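Trainee: First the structure, then my questions, so here it is.
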Amino acid sequence: MQELRERILADGEVIGSQVLKVDSFLNHQIDPVFVMRMGQEIASRFAGEGVTRILTVEASGIAVAMAVGLALNAPLVFAKKSRASTQNDSVYTADVYSFTRKEAVHITVSARYLGKDDVVLIVDDFLAHGEAMNGLVNIVHQAGAKLAGAGIIIEKRFQGGGDSLRAQGVRIESLAAITSMEPGKICFAE
Ligand code: 5GP
């Protein structure tokens, strides 16, 4: 998505060689109009797949997943990072190593909101090493649901998560794919 690549070049900040900060429009301050456009673009790529649920993980995936859910008229379920005391029903769980926090987190989704009749589209803001995505794919399998694929805003392709998921047969659609980056220079795949 050309508009996204331009926005990353204009507003993104590369930290070291591994982390891209896009706090001005996606991860801290959110540009709602732009996020809606990105959600519609992801939705259009999965139109006709019969998606019944959007799945993401709190917190940064929620805004984009909401935009996709609105465009596909499907409810959005977000995996919680800790089991709330209000969550007494049966749950699907996965352990995910957090790239940004450098710690393992336990994610849970209530079995009430994901089941074997669902066709699931996973949505997230970033795909890096694929830890978060693997956890979410695992949860879709636990539910016995069908996986339509994953829609990602920014894939950092050089970190390999996308390629290993594609090798497992998961359809990944990313709106911008970064092949390399360093402060002041970001290269995108065509
Ligand atoms: P992965 O699990 O694929 O290694 O990393 C994906 C998760 O880590 C995403 O949910 C995202 O929140 C976070 N993440 C990974 N790389 C970046 C990055 O460069 N910038 C930001 N802001 N978040 C990232």
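For all residues, glycine too, the Cβ spot is worked out from N, Cα and C.
According to TrEMBL, the protein carries these features:
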type    : residues                               : note
BINDING : LEU20, ASN27, LYS156                   : xanthine binding site
DOMAIN  : 40-157                                 : domain 'Phosphoribosyltransferase'
BINDING : ALA128, HIS129, GLY130, GLU131, ALA132 : 5-phospho-alpha-D-ribose 1-diphosphate binding site
Trainee: Applying the rule Cβ within 8 Å of the centroid of the Cβ atoms of ALA128, HIS129, GLY130, GLU131, ALA132, what extra residues of the same chain belong around the 5-phospho-alpha-D-ribose 1-diphosphate site?
Mentor: VAL96, TYR97, PHE99, LEU127, MET133, ASN134, GLN159, GLY161
Trainee: Going by DSSP assignments with H, G and I as helix and E and B as strand, what are the residue counts for the domain 'Phosphoribosyltransferase' (40-157)?
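Mentor: The domain 'Phosphoribosyltransferase' (40-157) comes out at 34 helix, 46 strand, 38 coil.
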Trainee: List the Cα distance (Å, whole number) between LYS156 (xanthine binding site) and ALA128 (5-phospho-alpha-D-ribose 1-diphosphate binding site).
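Mentor: Here the two Cα atoms lie 5 Å apart.
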Trainee: For the binding-site residues ALA128, ALA132, which one has the sparsest Cβ surroundings, going by other Cβ atoms within 10 Å?
Mentor: ALA128
Trainee: Across all protein chains in the structure, which of the binding-site residues HIS129, LYS156 has the highest Cβ count within 10 Å?
Mentor: LYS156
Trainee: Which of the binding-site residues ALA128, HIS129, GLY130, GLU131, ALA132 has its Cα closest in space to the Cα of LEU20 (xanthine binding site)?
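Mentor: Of all the candidates listed, ALA128 is nearest in space.
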Trainee: Beyond LEU20, ASN27, LYS156, what residues of that chain have CB atoms within 8 A of the centre of the xanthine site's CB atoms?
Mentor: GLY12, VAL19, LYS21, VAL22, ASP125, PHE126, ALA128, ILE154
Trainee: Looking only at the domain 'Phosphoribosyltransferase' (40-157), what is the model's average confidence as pLDDT?
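Mentor: Here the mean pLDDT over the domain 'Phosphoribosyltransferase' (40-157) amounts to 94.
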